[in-house]
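According to TrEMBL, the protein has these features:
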- 113-294: domain 'Malic enzyme N-terminal' (DOMAIN)
- 136: active site, proton donor (ACT_SITE)
- 207: active site, proton acceptor (ACT_SITE)
- 279, 280, 303: divalent metal cation binding site (BINDING)
- 304-557: domain 'Malic enzyme NAD-binding' (DOMAIN)
């Protein structure tokens, strides 16, 4: 791939020759070509047609026209037929569907992304409900477990302990210079699969594919990063195909110093308006890093804040079915890690805003249960700081079923990664307490889900309002068809990131997270409620993301945190106009 200087020279030469290379300044502060405007990619100026076919950013395969084939020395390098992009998409979808094993589908799509970027995104956008589980949860979990065996070419940056003192230099090795969103992981807590070390790269790659497909953020503005400090996974350390450092995880000051250097290098290289999304860090680091950097950096933790926003949106939408407010509910969280406590805190903030009560008061109807039982005041001296605010007065309770009977929650939310923990007895107990029990089994992947959709509906006799982290097929019970809601973070983070980008926000606040949740809940229509849905269908995810982006951007402007001025009059239309389109461009 050419360096920045070569591209600048190419762009300059094209401009001198009178070739259209841009014309519309976008939200990224760059000139971009309009969709119907012929352009000359920098690769064409400095490389042969053969190289153009190998450039995924500009490759169109059999869609290069006769004129383009002559102009860019492609004649003879392709079969004579010229196919429209739609027919290419149809053929690729048929090919992907032929694979019976989900991991094979994943690999086929990753291969497509590496050879024809626009076709990959068009396929994903047009078939999002079918392909989302392939490029992300649950298939991406298996891909991370086997990443060393299926590794083909790097799709992001690897920063290991070997690069300590040289991280800025490593960042400058990435060919794209105008980065707006970074997704970074250290691989210690990949989904519900534990420590996968360097092989966690599948998560940032998958997340950023969704940033583009669902949120419209340019692919070239996205940077996946894995920070490799070792792994405590003995199986990986013994695996001859493992691609990371073969050592135990670094901790303490060594770990902290590396993260400090990384965050400083990001700001120095890309400025303060690049969004750094922390992904799949272990609890003991996730909260610490978020609190450490959020005051002076543009940071977002999807496991804490993104999960919280999507679950809060589902809870708000559920009120349209049960006819109450959040303040009327009692919440029991099974799992008190970064997801559970993050959701709990955002729910408390929303209740505080709605009811005009202090957040401390709002927390009183929110209970947490971890591996040692209910979090109560007598445990304050032995629990982590982020749990203490939910340590209420109550006698100790060890078991989930006993906690349900004692607390009598109206909503049960699972995020502990303990499969089948919502037993028949637990669901029946929830149903005996509530006419419409809210049961959210959020743990990923599917094997870690607290219960299945079929179990929730059958054990509650069709009365449960159910949501899950992994997708489940519709369930027929007593001649009624129930469509399970998937509380997928993909509802939130792509639109949230777009809102940050288009506003030029310099910080992320809780108010912006609440705005994203409320924006998603507003997309749930009465028709959706009648079907028992607490989330809108993914088929209209780009519209959903544009509305979320507008709400987030509006809050950034209201708080004085937006730097792109003046404020657009219609933020929804502005968000839509800034979204990346995968339609092929015409090349001169």
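Residue 1 is the first one shown; counting continues down the chain.
Using the three backbone atoms N, Cα and C, a Cβ is placed for every residue, glycine included.
Between the listed binding-site residues, namely 279, 280, the fewest other CB atoms within 10 angstroms of a CB are found at 280. What surrounds the divalent metal cation site, by Cβ distance within 8 Å of the Cβ centroid and not counting 279, 280, 303, is the set 185, 189, 190, 203, 278, 281, 286, 301, 302 from the same chain.
Neighbour density for residue 136 (active site, proton donor): within 10 A of its CB lie 24 other CB atoms from the protein chains shown. When the Cα atoms are compared, residue 279 (divalent metal cation binding site) and residue 207 (active site, proton acceptor) turn out to be 9 Å apart. Counting only residues at least six positions away in the same chain, the Cβ atoms of 136, 183, 224, 277, 279, 302, 493 sit under 8 Å from the Cβ of residue 207 (active site, proton acceptor). Model confidence over the domain 'Malic enzyme NAD-binding' (304-557) stands at 94, taken as the mean pLDDT rounded to a whole number. Long-range Cβ neighbours of residue 303 (divalent metal cation binding site) (same chain, at least 6 residues apart, Cβ-Cβ under 8 Å): 189, 278, 279, 280, 281, 286, 338, 339, 342.
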